[in-house]
Structures are given as structure tokens and as C-alpha cells.
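Here is the structure we will look at.
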Amino acid sequence: MRRNCTLVTEFILLGLTSRRELQILLFTLFLAIYMVTVAGNLGMIVLIQANAWLHMPMYFFLSHLSFVDLCFSSNVTPKMLEIFLSEKKSISYPACLVQCYLFIALVHVEIYILAVMAFDRYMAICNPLLYGSRMSKSVCSFLITVPYVYGALTGLMETMWTYNLAFCGPNEINHFYCADPPLIKLACSDTYNKELSMFIVAGWNLSFSLFIICISYLYIFPAILKIRSTEGRQKAFSTCGSHLTAVTIFYATLFFMYLRPPSKESVEQGKMVAVFYTTVIPMLNLIIYSLRNKNVKEALIKELSMKIYFS
């Protein structure tokens, strides 16, 4: 149980480096990445909403992936940028818990949206004649609501485990945001239940969502090979290839981060990996899923042409 004598009211985030010249360089780099991520994902959401021919299940799910990536990056990057410039690198205890909650919730929302997108591709490629009726607006709304609700509840459960820990001593977190592994290393109460819960929840959700994706593709690949037209096969492989690329990158980093017990070495390595999936992946998803998509590019060109014409 959480002790009443908890003394820590704020934590110090050590960030990525203490070298001033590197901090300025990294600030510039991550600010540029964040601006591209925000502008790109917001633009993608608006583009899909504004163009009627993009009102299909695939783009509906893509718009939600863009929204989650935007939230994912915004939960971490602004504080990281502040740490690069500020002498006081602190975060309050409540703010730390909120950041932990949002991170855990958004990770689970994203992995299940990726699973839903795999199922959507299965329906489109393996059952094209029934796709329109079975992937109705109500079905799509249900499929996208489940990840949000489940992610919110899972994040709350895991954050409550952290809240029940007592932090009475050191308050320096060896990270650039409030991540569970380095945070629980600072607890002065028993962390066994929290570590066990973290391992089980991460292991189960990563494995189960990946299982859904793998099963979907076990049906998708044979169906693609049966497509007679070369253009049809190339289009199907291109769509699935983009999805598999994003899945591989995202899941590999998460498995590396969470399926190991916290230690000094794992925290240091995890910090480097976390840079990639909290700042770079939200930008990469935009490129992988959107800018390689013919319909999205055509819609973007049309919107830009109209703005130039009316300006």
C-alpha cells in the first residue's frame, strides 16, 4: 500500500544529456521533428475529413492513428524541449502521473488501432464483395471505440499501481519523461506487484494485438497472390507493406522497452529507444501510411491546387 509519509512532491528529469552544446543541437532537431509531426498529422486528419472519396474505413482508421500519434508525441516532446532549455528540469508528482497515464493509455490505443487496421485490410482483400456491408459506419465506430476505452482503463490501472508506491528518497528520473521503468526504481516501497503487473500487461497486450495482426496476414498474403492483375497485386502489397513496416518498427521498440525487468542498463538503453518511438515514429507513420498512398497524395494535390487557384 502507498505510505502516508510520501515526501517527494516533484521529480527531476535528467534528460538525454547534460552537455549544453548537445542540448541546443537536440532541441533544434526535436523541435523540427515535432513541428513536422504536428503539422503533418493535423493536416492528414483535416484532409481525410474534407475529402468525400477518403471517407472509407481505411482512411477513417488512418485519421485516428494520426490523432493518436499527435497525442503521443505531444505528451512527451514539449516537456523534453523544455528540459533542453531550462535550468530547472523538474516535473511535479501529479504531472508525472498524468504523463505516465497518457503514455500507457496511448500505447495501448495505438497497438490495437494497428490491429484493427490489419483486420480492415483482411476484410478488404479477402472479402471484397462483403467489405462495404460488413465494415459499415457503425462497425467501424465500434472497432475504433474499443481501443480508446481499453487503453484508458489499462492506463488507469497501471497508473494506480504507480500511485500506490511510496517515493521518499531520490527523485532524479534517468529519462526525458516520466516512464515507468526508471520511475519505479526510485520507489522506497516494494515494487514487485507493479513490476509484475507491468510485465504481464505489456506482454499480454503486445502479444495479443500482434497475434491479431499475424492471423490477418496469414489470410491476406494467399489472397493477394490470387489477384490476377499485376496492378491489383502491387496495390495490395504496397498497402500491406506500409502497415507491416510501421508494425515492425513500433512493436520491436516496445518489446525491447517493456519486456525486461528494470535495471540501470535497461533504463539507459530504453531511454535511447524511447527517443525513437516517442518522437520519430509518430512522424514516420505519417510518411509510411500517408505520403506513399496514391489517394492521399491526389487529395493533397487537389487541396493545394484549389488554395493556389483561389489565393
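Each Cβ is built from the backbone N, Cα and C atoms, and glycine gets one as well.
Placement of Val46 and Arg233 with respect to the membrane, taken from Swiss-Prot, is on a common side.
DSSP assigns Cys96 (disulfide bond) to a helix in the three-state reduction.
Within the same chain, the transmembrane segment (139-159) packs against the transmembrane segment (54-74): three or more Cβ pairs sit under 8 Å, each pair at least 6 residues apart. Neighbour counts were taken as the number of other C-beta atoms within 10 angstroms of each residue's C-beta; across the disulfide-bonded residues Cys96, Cys188, the minimum falls on Cys188. Of the Cβ pairs linking the transmembrane segment (25-45) with the transmembrane segment (271-291) and spaced 6 or more residues apart, 3 or more are under 8 Å, so the two regions touch. Residue counts for the topological domain 'Cytoplasmic' (46-53) by DSSP state, with H, G and I taken as helix and E and B as strand, are 7 helix, 0 strand, 1 coil.
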